[in-house]
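Trainee: The domain 'Class II aldolase/adducin N-terminal' annotation in TrEMBL covers A:10-195. What TrEMBL lists as Zn(2+) binding site is A:HIS97, A:HIS99.
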4 protein chains.
Amino acid sequence: MTFDREKASLDMIQAGRAFYQFGWLLGTSGNLSVRASDSTFLITASGKNKGELQTDDFLLCDLRAAPAEPTIHKPSAETLVHSLLYAADPKIGAIFHVHHLDAALCSTRDEAEGETVFEGLEMIKGLDIWDRERISVPIVPNHLEIPKLAEAILGAMTNVPSVMVLRHGFYAWGQNAFEARRHVETLAYLFSYAYRRPMS
Amino acid sequence: MTFDREKASLDMIQAGRAFYQFGWLLGTSGNLSVRASDSTFLITASGKNKGELQTDDFLLCDLRAAPAEPTIHKPSAETLVHSLLYAADPKIGAIFHVHHLDAALCSTRDEAEGETVFEGLEMIKGLDIWDRERISVPIVPNHLEIPKLAEAILGAMTNVPSVMVLRHGFYAWGQNAFEARRHVETLAYLFSYAYRRPMS
Amino acid sequence: MTFDREKASLDMIQAGRAFYQFGWLLGTSGNLSVRASDSTFLITASGKNKGELQTDDFLLCDLRAAPAEPTIHKPSAETLVHSLLYAADPKIGAIFHVHHLDAALCSTRDEAEGETVFEGLEMIKGLDIWDRERISVPIVPNHLEIPKLAEAILGAMTNVPSVMVLRHGFYAWGQNAFEARRHVETLAYLFSYAYRRPMS
Amino acid sequence: MTFDREKASLDMIQAGRAFYQFGWLLGTSGNLSVRASDSTFLITASGKNKGELQTDDFLLCDLRAAPAEPTIHKPSAETLVHSLLYAADPKIGAIFHVHHLDAALCSTRDEAEGETVFEGLEMIKGLDIWDRERISVPIVPNHLEIPKLAEAILGAMTNVPSVMVLRHGFYAWGQNAFEARRHVETLAYLFSYAYRRPMS
């Protein structure tokens, strides 16, 4: 299948606008990418406001996180996380990373457990998980060195399509931009429920 | 009265956009329907983002939840709940189902009581209830098998136009799309009040 | 000064849209009015979604809350509150009534005191009050009979341009639509602060 | 470099709209400015709704907070704070002041400490601070006399680009409008985290 750059950009522009308006991408935080081929992906350029993305705010990168085309843009430091995830799993078609406040709050509360647990919630199905009542998203330390961070995320991956970085934000992925967006929104709901749930 | 499909679609597109922006339809969750005839209704297709619905994101279904027209769309599993509600009460003209976070939190807190109570709140009138100070929305278990879920919802129906499914979301209905939307928004307020109210 | 009906409608359409998006006018709740003359005012018709008002969703009423022009619209029951306020104070040029959740929560918490107190907050100046560190909004019971409710509101009026109705919503007024909107937004902030403030 | 007034206005219009929709500029509160030269800056006029700014809602002021051009507008009282900050640091290119609710709540909770502390949060990097795990924003009293307030803010400035005024709002600045907006959004996240964080 050939890569439709215009569609991929539009999908990220729309997802970015929605996530920004929900407050999950404040201060140019976060980054969004869509796979372009076995060895390349289109990703938001460093330092852009993700709620007001333009068609030319993206750049093509390779699996070592280097630009794969002539570009005026700088890839963000975290592009390497995207590279390693695309390299690790050929089924991943899109990766979205957001700075969701309730997720960050959960990560602090659940730091010792190393995971945030979601149980008995219908919304779990939004992750395309139909056979389990109880799932969790692993929490990894927020290493300053991006290669270490990327390794930690890779090492923590489970069959739940997300990893949370401590007091930072979560990565979520899917087979395409539509699915990655659904996963991000579903996780946003799950983390908000988990932080506000009544204590028994 | 003949069914105006364009108006019904537009009503659902606008309601979907508003509910999505309030965060009640994250991750393609929820579904919206409007009755088309004694034995058919127009419903959102499975797997769509309900905040960005297009005119052709709907399909006509019958009271057994099967498509009543040639269509590329799949009805969602929960279409059966809509079918049974339309069959049970001919006055129901529209059914909206949303994944409201505070409602889910209330359902966990109030699981043992089997209902969430709203008392002394002016907004109760938004449900067209003028003679009672105290009402409640019943909570039913979230059965995995949709026929069982639909039966539980039918069995729990009261004269308050809503049933809550445990840690899932609520269904609300009305004589038409306008009324169903008013009921959803009113219940959203009531559930938020109920979860945040000061404890005495 | 002649009354500019188009401008008054537009001011209310814009205020309604903003308030709705903040969640203060859910379920067709609330009503907005602007004075047209000594003895008439333009007010939102009963039962409209206040976030999607159209130019013809208003009607002119007199100080007994009756239509002052041929109209297809019904004035809402609460129109009488507007009438009495316009009659009581000729400086009032606009009255907005919203169903603000944190205000309703404050009213329940502060019911015994009969007022919600705001102290030491810069935002008090948004009510055009510059000489006091501590103000309060009175809370009146939510009488079912609108004439009794209107009388209670009139009787509770202070030099703070707002009265809260218990577990219902607040009325705020100003010399014109711009000022009334500023007062509503300022009070929304103050009630949210008051409900969430740290306990000492 | 010549000053592009149209671009500066547009940057503030967009930032104002976004901040207003997040609820940080309710009731005409806050003010936004961009430096025009060594001795002048463009600032929002007093009393405007900052979410619906128009191109002509700005005026050029000098470093004594007086208009530097013929104008129908009044500078707001707080323009003097902007003047002193621009005079104090030639690297400051834009100053945004918002009334953020969680920041006000933090200021009350942290009044005795005189600062709100942010620790171990990835979002600190949004302030262009890469070498510290722990930063704080100083809290100054909310003097009624603006010259005293401006002096207090100047005296409290650290290498974190923000000062919080007690139960009022925070000022944030940057080398240009883009950076100042990023700092405001980053601080909004940090204050919200700080007010809601789990207690150990």
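Just so you know, the numbers here start at 1 and follow the chain as drawn.
Even glycines carry a Cβ here, placed using N, Cα and C.
A TrEMBL annotation is a machine prediction, not a hand-curated record.
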Trainee: Measuring CB to CB from A:HIS97 (Zn(2+) binding site), give everything in the same chain under 8 Å that is also at least six residues away in sequence.
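Mentor: Listed in sequence order: A:GLY30, A:ASN31, A:LEU32, A:GLU78, A:VAL81, A:GLY169, A:PHE170, A:TYR171, A:ALA172.
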Trainee: Report the mean pLDDT of the predicted model across the domain 'Class II aldolase/adducin N-terminal' (A:10-195), rounded to a whole number.
Mentor: 97
Trainee: To see if you understand the setup: which same-chain residues, six or more apart in sequence, place their Cβ under 8 Å from that of A:HIS99 (Zn(2+) binding site)?
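Mentor: Once residues fewer than 6 apart are set aside, A:HIS99 (Zn(2+) binding site) is near A:TRP24, A:LEU25, A:LEU26, A:SER29, A:GLY30, A:HIS168, A:GLY169.
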Trainee: Look up A:HIS99 (Zn(2+) binding site) in the DSSP assignment and report helix, strand or coil.
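Mentor: In the DSSP reduction, A:HIS99 (Zn(2+) binding site) maps to coil.
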